[in-house]
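Notes for the one structure printed next.
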Amino acid sequence: MKLSILEAAALTAASVASAQDDLAYSPPYYPSPWADGHGEWSNAYKRAVDIVSQMTLTEKVNLTTGTGWELERCVGQTGSVPRLGIPSLCLQDSPLGIRMSDYNSAFPAGINVAATWDKTLAYQRGKAMGEEFSDKGIDVQLGPAAGPLGRSPDGGRNWEGFSPDPALTGVLFAETIKGIQDAGVIATAKHYILNEQEHFRQVGEAQGYGFNITETVSSNVDDKTMHELYLWPFADAVRAGVGAVMCSYNQINNSYGCQNSLTLNKLLKAELGFQGFVMSDWSAHHSGVGAALAGLDMSMPGDISFDSGTSFYGTNLTVGVLNGTIPQWRVDDMAVRIMAAYYKVGRDRLWTPPNFSSWTRDEYGFAHFFPSEGAYERVNEFVNVQRDHAQVIRRIGADSVVLLKNDGALPLTGQEKTVGILGEDAGSNPKGANGCSDRGCDKGTLAMAWGSGTANFPYLVTPEQAIQNEVLKGRGNVFAVTDNYDTQQIAAVASQSTVSLVFVNADAGEGYLNVDGNMGDRKNLTLWQNGEEVIKTVTEHCNNTVVVIHSVGPVLIDEWYAHPNVTGILWAGLPGQESGNAIADVLYGRVNPGGKTPFTWGKTRASYGDYLLTEPNNGNGAPQDNFNEGVFIDYRRFDKYNETPIYEFGHGLSYTTFELSGLQVQLINGSSYVPTTGQTSAAQTFGKVEDASSYLYPEGLKRISKFIYPWLNSTDLKASTGDPDYGEPNFEYIPEGATDGSPQPRLPASGGPGGNPGLYEDLFQVSVTITNTGKVAGDEVPQLYVSLGGPNEPKRVLRKFERLHLAPGQQKVWTTTLNRRDLANWDVVAQDWKITPYAKTIFVGTSSRKLPLAGRLPRVQ
């Protein structure tokens, strides 16, 4: 196979070198587990087996391999099996809407969903996105994201995910997945795993920025931290039935994420019981044999480098089976996993071809964009897929607003004599809402950050527009200055304003775009575009200054948040197309703010720990990013080091007040945990593998330049691969057990979707009474934290929450449960979850540091 023999040797050599050089090491785990169709996957699995059994080898390979960058209409597209009616599958970004399209919605970012703490809204957003993807003819949505989790507050893509807390992320991750897949589209849980920064994620990208590295960054983590922090939300995703997982660019303990047998074979497929397929991130595929045996099921976009016409899969995967390097059962399993996901979401009933092109807005163009080949046809049908989704977008935008501070300034009455709207972030991008490719600039109001995780706006309501409409209703005066450097005019407007509304922001994004020296990751946590000076100027001239922050995460506010003239602070995140309307709803009291901050607001950057690697530290080899902090990120770190935050995790004010009382705890299940034992079934093969002559290019096929095909040029396998080293001894480099299809031992922590079913048995029922003691209706989020009791554990960790709506004077009893996973730690020796003998205490309140109710749990096992 082309490059694969060399790559297998390199992998072995790298493992030895890693051990010798005392670098982090990822132990091998083989063979790659085969799907068995357990639980809710049963019917889809049976259908997948039936159809795959009818496929030839090259038809199976066609499902596993993208056709190449810009070769079809979508950012990723597989081959098809027309003989059996199986279409080419369209894969398209992003986690917040359809990228590179038109007449689609631009949804709030994942971080805003986290700020709502609302499971229903997470599901509704997922369902609405799924409907739009389906209506555009997209089969696989490349989202949602739980990687990055948010280890470092300045990580460039944190906003695509939810929160640095794994429990909050896991719940909302799962609800989003359910919504997408209930709309008939395969969801993709990404980026798996430890993809926590943009610096050094790709060699070419880093070299373009002047860094002389030859391998991508290695995220080095211990087993306990992996399970208790970063793997946690992916377990929730698997339990929710996610159809696809995208492996990441980075290395994990010096093994690439898309050929790391421990993370793919052991953790994801064996331990968590994942039944869907693993796809590579775009060009994160580094080998043929190595990746296939380590658990990679689909290569995206198919070519080794964009538009190269070469692939680690395609023809080379066909050759790998024919020469015995890759067992037939492994390719059969790849195809079964892909088709099972397809059937599970009902895509076969809803499938339509893509009605748009990612590469042009022209109505007509060549069928194959990059080589300008194939039929000249209608490539864009301009189908409007927005439906009524503006309603849920606006609601999430408003419900995600976090009222950080309110000294009586809010809500506004609408009768203010003069309202000043100050700051570039209130206005429009002079180039238009979509004027910067993939939103790669910070111009005008910030409603989404930058990168492949974006969508085109159908429109963007700015704060200036929405607030002006409000002021004019009350026949007041409204003056706006959206030039952050026009200090004189800002001061003039502020001095005559009854209330000054200051809009500031901080942006970030994906590493292929450099915005103002920010290579994806933020250079610092300060406000952008002179934001601090705008606030300073306004507070010097107006004693009623309300600051609205649109940002990708925390920013430093210590110099001004306590200023007596700052009477209100709101964090509005990245609210999408209805941005202005959403913030106006909150400012004018139509919506009572109920958002809670999904991250901690520290006094300094140092408060968070130095967790972003910005300079190579391993010569020109892979930069080594050591996760020495373990599970202590965000509020867990603040608690450990007794750091006092400005606003703690989970904080958020309301226009009303609430009281929590009456904590009750009941043991509902005292059964003991039973580790999984026994063996899997043997790997199955479906259909026969013929000799090489059966897999030659079909006669009369007109080949498309650079298109990735599964067929052979010749029955001479070496000639078909073009690999000059083909035929050299390579079985000594195949990892031990990698081709073994016999029954395998089951892992103790395995046994069902998301792991051992015993982990999800409810042990305790907890109830609390919440009372609205104020004069207006509002939402409160009771939060349950657990102290696991060990000397090296966080003081407390979030485990349960619920957003509740209460009328004035109304009481509600919130009842939740705690399962075994909620109370357990990962035992690195037993390789299983264990409830330790340390005392377990629960705390219930309205933030991580406002916890008025507490109770000790009886001991369970």
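First residue shown is number 1, and so on along the chain.
The backbone N, Cα and C atoms fix where each Cβ goes, and this holds for glycine too.
The active site annotation in Swiss-Prot covers Asp281, and the record cites similarity to another entry as its basis. Taken residue by residue with DSSP, Asp281 (active site) is part of neither helix nor strand, so it is coil. Other C-beta atoms found within 10 angstroms of the C-beta of Asp281 (active site) number 22, with every protein chain shown included.
Feature annotation from Swiss-Prot assigns N-linked glycosylation site to Asn62 (among others); the stated evidence is sequence analysis. Counting Cβ atoms from all protein chains shown, Asn62 (N-linked glycosylation site) has 27 others lying within 10 Å of its own Cβ.
According to Swiss-Prot, the N-linked glycosylation site annotation covers Asn212 (among others), on the basis of sequence analysis. Mapped onto three states, the DSSP output places Asn212 (N-linked glycosylation site) in coil. In sequence order, Pro616, Asn620 are the residues near Asn212 (N-linked glycosylation site), counting only same-chain partners six or more apart with C-beta under 8 A.
Residues or ranges marked as N-linked glycosylation site by Swiss-Prot: Asn253 (among others). For Asn253 (N-linked glycosylation site), the same-chain residues 6+ apart in sequence whose C-beta sits under 8 angstroms from its C-beta are Ala24, Tyr25, Ser26, Ser218, Ser219, Asn220, Val221, Asn260, Leu262. DSSP assigns Asn253 (N-linked glycosylation site) to coil, not to a helix or a strand.
Just so you know, the Cβ of Asn316 (N-linked glycosylation site) picks up 31 other Cβ atoms within 10 Å once every protein chain is counted. Annotated N-linked glycosylation site per Swiss-Prot: Asn316 (among others), in sequence order.
Sequence annotations record features per position, and here Swiss-Prot assigns N-linked glycosylation site to Asn323 (among others) based on sequence analysis. Every protein chain considered, the tally of other Cβ atoms within 10 Å of the Cβ of Asn323 (N-linked glycosylation site) stands at 16.
Swiss-Prot lists Asn355 (among others) with the feature N-linked glycosylation site. A C-beta separation below 8 Å, combined with a sequence spacing of at least six in one chain, links Asn355 (N-linked glycosylation site) to Lys136, Gly137, Asn380, Glu381, Val383.
Sequence-distant contacts of Asn524 (N-linked glycosylation site), defined as residues of its own chain at least six apart whose C-beta falls under 8 angstroms from its C-beta, comprise Asp154, Leu556, Arg605. Under DSSP, Asn524 (N-linked glycosylation site) is assigned to coil, being neither helix nor strand in the three-state scheme. For Asn524 (among others), the entry in Swiss-Prot reads N-linked glycosylation site, with the evidence type sequence analysis.
Annotation comment: Swiss-Prot describes Asn543 (among others) as N-linked glycosylation site, evidence class sequence analysis. Other Cβ atoms within 10 Å of the Cβ of Asn543 (N-linked glycosylation site), summed over all protein chains shown, number 14. The secondary structure of Asn543 (N-linked glycosylation site), as reduced to three states from DSSP, is coil rather than helix or strand.
Residues or ranges marked as N-linked glycosylation site by Swiss-Prot on the basis of sequence analysis: Asn565 (among others). Sequence-distant contacts of Asn565 (N-linked glycosylation site), defined by Cβ-Cβ distance under 8 angstroms and a gap of at least six in the same chain, are Thr539, Glu540, Cys542, Asn543, Asn544, Thr545.
Around Asn669 (N-linked glycosylation site), the same-chain residues at least 6 positions away in sequence with a Cβ under 8 Å from its Cβ are Glu761, Asp762, Leu763. Under DSSP, Asn669 (N-linked glycosylation site) is assigned to coil, being neither helix nor strand in the three-state scheme. Sequence annotations record features per position, and here Swiss-Prot assigns N-linked glycosylation site to Asn669 (among others) based on sequence analysis.
As annotated by Swiss-Prot, N-linked glycosylation site applies to Asn713 (among others). Around the Cβ of Asn713 (N-linked glycosylation site), a 10 Å sphere holds 13 further Cβ atoms from the protein chains shown.
Annotation source Swiss-Prot lists region 'Disordered' at 735-754. Here the region 'Disordered' (735-754) has Cβ contacts under 8 Å with residues 12, 28, 30-34, 38-40, 235-236, 238-239, 241, 261, 266, 270-275, 293, 326-327, 329-330, 675-683, 760, 830-833 of the same chain, all six or more residues outside its ends.
Marked as signal peptide by Swiss-Prot: 1-19.
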Secondary structure content of the region 'Disordered' (735-754), with strand meaning DSSP E or B: 0 helix, 1 strand, 19 coil
Euclidean distance between Cα atoms of Asn62 (N-linked glycosylation site) and Asn316 (N-linked glycosylation site), Å: 12
